[in-house]
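A.B. asks: Structure below; questions to follow.
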Amino acid sequence: MFLKDLFLPKFCLGCGFLGAYICLKCQKKLSYVRRDNCVYCGKPSLYGLTHYGCKRNRGIEGMICVFYYNNFLKKIIKSIKYRLATEVFRELCLIIEPEKLSKISVLKELKKGDFQLQPIPLHTGRLRIRGFNQAKLVADFFNRFLNLSVIDHLKRSKNTRPQAQIKKDKDRLTNIRGAFSTHAHILVGQNIILVDDVITTGSTVKEAARSLKKAGAKSVFVLALARG
Ligand SMILES: [Zn+2]
Ligand SMILES: [Zn+2]
């Protein structure tokens with residue numbers, strides 16, 4: 001955060017209203033995901049758990065997304081990426097209805113062992129340009145409710161093209177293939193919750209999960225702020 005930001009008035013990212021980044025009226029534009037889906041087939045599933053028949057070798061056990069990635073949230077996330085990240089997040093954190101996150105604690109009940117939060121990492125080159133990793137901010141944000149440890153055992157070893165710029169699912173998969181590497185020995189037997197800001201096709205989290213499982217992770221779940 002820059003010093004000059006302290007003296008700038010706040011404007012609503014949705015409507016320009018003075019005094020808040022997300023005004024009371026615009027809070028209603030945030031749309032909570034009511035029904036969770038299986039990350040592989042996209043069909044509804046309880047708590048976002050991967051259907052038995054959809055399970056993959058080195059795959060994801062379940063996925064929970066909090067909001068739909070609508071136009072308003074798009075504006076918020078854009079601002080998170082490019083400016084005032086922590087300020088906007090603080091407001092989003094105050095707005096979110098705690099019971100909407102209760103399904104996350106279901107994960108804690110499901111697995112006997114402890115979970116650790118692993119944000120989807122940025123390549124160091126991109127991290128240097130942007131100055132922060134938005135997935136790490138999302139992880140810290142969720143962790144106010146979850147109280148787990150946020151780890152940094154996954155590295156982005158390949159600087160890939162942004163997935164959002166790629167249209168075909170197949171090309172997204174090729175783009176992200178082999179993008180991650182791990183600190184292997186630390187991950188053996190661990191339950192990991194991968195955290196990202198927005199999930200669209202899920203190819204990034206699927207590849208990250210593959211890398212974590214290869215390194216010995218016991219289970220991998222996905223938690224995202226929004227679903228595209
Ligand atoms: Zn507004
Ligand atoms: Zn399925």
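Each Cβ is built from the backbone N, Cα and C atoms, and glycine gets one as well.
Note: TrEMBL annotation is automatic and uncurated.
According to TrEMBL, the protein carries these features:
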DOMAIN    5-54  domain 'Double zinc ribbon'
DOMAIN    148-225  domain 'Phosphoribosyltransferase'
A.B. asks: Could you please provide the mean pLDDT value for the domain 'Phosphoribosyltransferase' (148-225)?
C.D. replies: 90
A.B. asks: In the domain 'Double zinc ribbon' (5-54), how many residues does DSSP call helix, how many strand, and how many coil?
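C.D. replies: So the domain 'Double zinc ribbon' (5-54) is made up of 13 helix, 6 strand, 31 coil.
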A.B. asks: Provide the three-state DSSP residue tally for the domain 'Phosphoribosyltransferase' (148-225): helix first, then strand, then coil.
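C.D. replies: Its residues divide into 27 helix, 24 strand, 27 coil.
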